[in-house]
């Protein structure tokens, strides 16, 4: 499986320049069993949770905000990422490589979803900065039309940045891995890892840190409770993302150093492979966490889930569902009144999930 970043091969031994064998069979066996179970769980929860987010955003009759556009695309990125996990599970269990076209396509979806999720979380942070810190100057520019245009640009950027990760991927020796030209054999894996560390972690972290530092400073001077509640949700999404991806990026950086023989001993190589397996499980689970964050911190999303549950229960029991719609409409009118009282906080605070 082309995980980030060294490909996950199924070989039981790793050889250094002196042809000394390092046994990794027990780690490979652990990965085959544990990762297969873990991928199945992440796929199930990630699919259901992110589909609920998509339904909540697309089925609402209320007008959308630019924040909703970004949250919708974040959920779609997570769905694209999680959709590849059944194929990697099959690959781990059967030890059979995917068809060449499916190998390249699945790897492409994996990395496009990976970078797309990171980029949209970064864009959401920038949007929060504009909505809170530069509210007066950015109000006219934070429209749904602008959100759609920016989202298309983000998807294009994700495809462009992901292309080095899958352009050389093919089925080789019954495995799905990178088959690089001889001139790129040594440098291309290093460039791939560096791209993930820099564009997928360091640069977004710097941007988000700046945006949220300025946002926190602004919130200290503004006691608008509605605005603080909106920031709590978005900030929670960002913090959880980096808590789950930081260990993996550290291991990827160490894997890059391994190409330059920084870890010559077999024990260090084994520790690094164990760390890769463990941090990978933590990192990949991020794609099913955002819906739970919405349910925990987003009042409107919890309300939508209750409404959906009551509607399904009413259909199963043969009861009418008008009461639920009436209550929802009443609350929507209350939200509209609150929005009119706090209109200066800009359009972004009117997200359907916040």
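Any Cβ shown, glycine's included, is placed from N, Cα and C.
The feature topological domain 'Extracellular' is assigned by Swiss-Prot to 1-32 (among others).
Same-chain neighbours of the transmembrane segment (33-60): 68, 71-72, 75-76, 78-79, 81-83, 85-86, 88-89, 92-93, 277, 280-281, 284-285, 287-288, 290-292, 294, 301, 304-305, 308, 352-353, counting only residues six or more beyond its ends whose CB sits under 8 Å from a CB of the stretch. Positions annotated as transmembrane segment by Swiss-Prot: 33-60 (among others).
Restricting the average to the topological domain 'Cytoplasmic' (61-70) gives a pLDDT of 84. Here Swiss-Prot flags 61-70 (among others) as topological domain 'Cytoplasmic'.
Swiss-Prot lists 71-91 (among others) with the feature transmembrane segment, giving sequence analysis as the kind of evidence.
Residues or ranges marked as topological domain 'Extracellular' by Swiss-Prot: 92-104 (among others).
Annotation note: residue 103 (disulfide bond) sits in a helical segment as assigned by DSSP. For 103-176, the entry in Swiss-Prot reads disulfide bond, with the evidence type sequence analysis.
Among residues of the same chain six or more beyond the transmembrane segment (105-126), those with a C-beta under 8 A of the stretch's C-beta atoms are 2, 4, 67, 70-71, 73-74, 76-84, 87-88, 98, 150-151, 154-155, 157-159, 161-162, 165-166, 169, 176, 199-201, 204, 207-208, 211-212, 234, 237-238, 241, 286-287. Swiss-Prot lists 105-126 (among others) with the feature transmembrane segment, giving sequence analysis as the kind of evidence.
According to DSSP, the secondary structure content of the topological domain 'Cytoplasmic' (127-143) in residues is 13 helix, 0 strand, 4 coil. The annotation topological domain 'Cytoplasmic' is assigned in Swiss-Prot to 127-143 (among others) on the grounds of sequence analysis.
As annotated by Swiss-Prot, transmembrane segment applies to 144-168 (among others). Below 8 angstroms of C-beta separation, residues 2, 4, 63-67, 69-70, 73, 77, 104, 107-108, 110-112, 114-116, 119-120, 123, 178-181, 184, 188, 191-192, 195-196, 199 of the same chain, each at least six residues beyond the ends of the transmembrane segment (144-168), sit close to that stretch.
Per Swiss-Prot, the feature topological domain 'Extracellular' maps to 169-196 (among others); the stated evidence is sequence analysis.
The feature transmembrane segment is assigned by Swiss-Prot to 197-216 (among others), with sequence analysis given as support.
Under the heading topological domain 'Cytoplasmic', Swiss-Prot lists 217-232 (among others).
Swiss-Prot lists 233-257 (among others) with the feature transmembrane segment, giving sequence analysis as the kind of evidence.
Taken from Swiss-Prot, the feature topological domain 'Extracellular' applies to 258-274 (among others).
The annotation transmembrane segment is assigned in Swiss-Prot to 275-298 (among others). Here the transmembrane segment (275-298) has long-range neighbours at 3, 6, 27, 30-31, 34-35, 38-39, 42, 45-46, 48-50, 52-53, 74-75, 78, 81-82, 85, 113, 117, 229, 232-233, 236-237, 240-241, 244-245, 247-248, 250-251, 254-255, 305, 353-354, meaning same-chain residues at least 6 beyond its ends whose C-beta is under 8 angstroms from one of its own.
Feature annotation from Swiss-Prot assigns topological domain 'Cytoplasmic' to 299-354 (among others).
Counting residues 6+ beyond its ends, the transmembrane segment (71-91) has Cβ neighbours under 8 Å at 1, 35-36, 39-40, 42-43, 46-47, 50-51, 53-54, 57-58, 97-98, 102, 106-107, 109-110, 112-114, 116-117, 120-121, 124, 151, 154-155, 158, 176, 284, 287-288, 290-291, 351, 353 in the same chain. Helix first, then strand, then coil: DSSP counts for the topological domain 'Extracellular' (258-274) stand at 10 helix, 0 strand, 7 coil. Of all the disulfide-bonded residues listed (103, 176), 176 sits in the most crowded Cβ setting, with the most other Cβ atoms within 10 Å. When the topological domain 'Cytoplasmic' (61-70) is classified with DSSP, helix, strand and coil residues number 5 helix, 0 strand, 5 coil.
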